[in-house]
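> Before I ask anything, here is the structure I am working with.
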Amino acid sequence: MSSAAGEDSSSSRKGKEKEEDGAGESHREEGVAVMEGEVDLGDLYGAAAGWVEARTSCPHLGTMPPAGAAELARVPPPDSPCSRCHHPAENWLCLVCKDVLCSRFINKHMLCHYQEKGHCLALSFSDLSVWCFGCDSYLDVQAILELRPVYEIAHLLKFGERPPFRSLEVLDLSTGENRSSSSAA
């Protein structure tokens, strides 16, 4: 279960709740920890804030075949039905074998595929997000260069145009200057 779906119920409580931590008095206001007038910034991010931050790396990327022209030509159209139940919506593309399977909210065929085959990387045809079952997390297709080719093809097939990619700015710590990672290539 993802951290967003399995969110701790204490972090989603509304209202104020008194807590004692030994170092002083603190309380929670609308899901944000406040200690002696200070806000715990960690509570403003991630599941406690109601959103999930995608990972910028994944140890399972090596399970994907290289993104050559022949491999990318195997990406089916985003309106492809589930290969098992033929459901037309909420389908995912296995990034390892290019099979199209329905989500855990339909008949769970993508989840079953992961459990049966171990193929843990999948792209949602609904919103083009990428999920890693092994990491139990969404992956940032903007930051993970290995995901960009298949994401770009899926975006082209879904919308008829290339996706906008944010520039990957890199701070050079030796000089303190920003430089674009695309200019470094």
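Glycine is treated like the rest: Cβ placed from N, Cα and C.
Sharing the features that TrEMBL gives for it:
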REGION    1-33  region 'Disordered'
COMPBIAS  10-31  compositional bias 'Basic and acidic residues'
DOMAIN    56-160  domain 'UBP-type'
> Please count the residues of the domain 'UBP-type' (56-160) that DSSP assigns to helix (H, G, I), strand (E, B) and coil.
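Looking at the domain 'UBP-type' (56-160) with DSSP, the answer is 31 helix, 17 strand, 57 coil.
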> Would you report the average pLDDT that the model assigns to the domain 'UBP-type' (56-160)?
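Mean pLDDT for the domain 'UBP-type' (56-160): 96.
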